[in-house]
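Colleague: Got these off TrEMBL a minute ago, pasting:
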DOMAIN    9-303  domain 'Peptidase M56'
DOMAIN    383-584  domain 'Penicillin-binding protein transpeptidase'
TRANSMEM  6-27  transmembrane segment
TRANSMEM  39-58  transmembrane segment
TRANSMEM  110-131  transmembrane segment
TRANSMEM  221-240  transmembrane segment
TRANSMEM  319-340  transmembrane segment
Amino acid sequence: MFITQLISGFIVSSFTIAVILLMKKLFRKHLSAKWHYNLWYLLFIALLIPFIPARFFMFDDLFSFLPFRSSQASGVFAPQAENPSRGNVDWISDFSVSVHHATPAYLDDLIAVIWICGLALFVIPAVIAWMRIKRIQKNMSTVKNEDILRLLEECKQQLHISRDLVVGESPFVKTPMMFGLHKVYVVFPLHFQQWLTMNDIKYILLHELNHYKNKDNMTNYLIVIFQILYWFNPLVWFAFREMRLDREISCDSDVLKALEEQSYREYGNTIIHFVHKVSRQRNLVFESQMVSSKEQLKKRIQKIASFQTESTQLKKNSIAIFILAGVLVASQIPLVAAIASENAYYPFSRENTDYEDLSSYFEGYDGSFVLYDMKADHFQIYNKQNSERRVSPDSTYKIYIGLFAFETGIITKDNSTLAWNGEVYPYASWNKNQNVKSAMESSVSWYFEELDKKMNLKSLQTYLKQLSYGNENLSGGLGQYWIESTLKISPVEQVLLLKSLYTNQLGFHEKNIQAIKETIQLEEKDGAKLSGKTGTGTVNDKTVNGWFIGYVEKEGNTYFFATNIQNEDHSNGSKAAQIALSILKNKGIY
């Protein structure tokens, strides 16, 4: 969900800024000017984290206790009749309950629209700033003075810069600045040669060339981009203002390192030349200015006055502090993965896998199909991305609730009946006592919710870990976590798990494995036996998630499959089963 990504971005950006500011304050005497500035590069990395696809974060077992991993559900469940079109297939009893989310479905779209509107609003001053640069560039006259050009080359050699730069003057510039990516410009105010000495010009060139050497012209663009993306977080804007100040102080420090000590005062006076030419500081700028605000100017002069050459120990301390801050920033990655668990992926890579185009079967749906031939040890997959994306298992999870109940002794093969509590459901098959076989056939949710509640969370968590069942997240609450809530699993994991169940590689008692296999047997024809379970995710009375998983036993071989379909509505287990059976038929499997 977009709102989840927005919250993730706000948390990560705010935490990172807090870490950087705290580090700068606690270790201000142990950080050189350069490393005070370098700390801010960690912010760029942090601001990128929420935009990295969740599939690259494999921390699903961490932070499972966090409340924001739960689905925003009200806890109210309403039975949902789907009236599936069954055709000749009369075994698909695809009943489900509707989860009513407390958060309106349109809220995510509304938040996205607000964010885009804010984005557009802040793009306008960014475009104006870019046009201002273009106007300066267009109305700039190139400096022809041989002495200044010779001085430029000397400064470039001193800083080991070989690239050609354009030096000019413009009536639209009040203080010296540097800008440009492909072609770099150093621009002075108009008639600067009349009121600046050659030493002043030298100091200015050294300052702007250090900006170029440190790639600050590129940094300016990154700052503007992230300011626009994170327009909703004022801390980001404050942080970049502080970053620009630290960048100027770092640049001043680099210039002073290149000068004799007796020139420090002259350099400071050169900056003071522009104190009366400074206007209000702008937030969205693509250029690096010699002087940007009177407040920053005051702090810079103080730093210049107290400048001392950094020692080797200070450099070591600075690097150590930077690494510590980097570790703290990186520690947010599992947190982001936890927040973004709705879109988590299971990375699947096998040499014996073919990816095929079955899109004609899935018209109108965002879906996936996974097939595993046990004898050939071969996978066939449609839609790699969706086959690895974890979604709610819904009623397909009832297979494993039944297995856990057998394993804990809550039910046995001969004694699995639970009494109906009298609550009337719209399905006649639900309104009576149930055993595990009848409950599985009619997908009786109240039966499996009761089994679920009879087991404690600790036991369930142990079983899920034993199975490696998806993201293993039970934070949605007993009886609810598997119904469009926090527990997620991918189609490819469903197939791998079914194969492990079938061959009993899970460490459960064999009699319990056989008992649960009997409950999911569907039909037999032409010497082939079909077993499986449908699942439907219904949210606010709309069927948004459809499953059909199972296996076919035929001619001494077993084929395991999982089909998942999704849409804003009409995505149910019945439709998933129809798609799966069509594919299996055309492949000559069933």
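Each Cβ is built from the backbone N, Cα and C atoms, and glycine gets one as well.
Walk me through where these features lie, including what they touch and how far apart they are.
Modeller: Per-residue pLDDT, averaged over the domain 'Penicillin-binding protein transpeptidase' (383-584), rounds to 93.
Non-local neighbours of the transmembrane segment (221-240) in the same chain are 6, 9-10, 13-14, 17, 20-21, 40, 43-44, 47, 115, 118-119, 121-123, 126, 129, 181, 283-286; each lies 6+ residues outside the stretch with a CB under 8 Å from one of its CB atoms.
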Colleague: Report, as numbers and ranges, which residues of the same chain sit near the transmembrane segment (6-27): CB under 8 Å and 6 or more residues beyond its ends.
Modeller: 36, 39-40, 42-43, 46-47, 49-51, 68, 111, 115, 229-230, 232-233, 235-236, 238-239, 242, 317, 321, 324-325, 328-329, 332, 335-336, 339-340
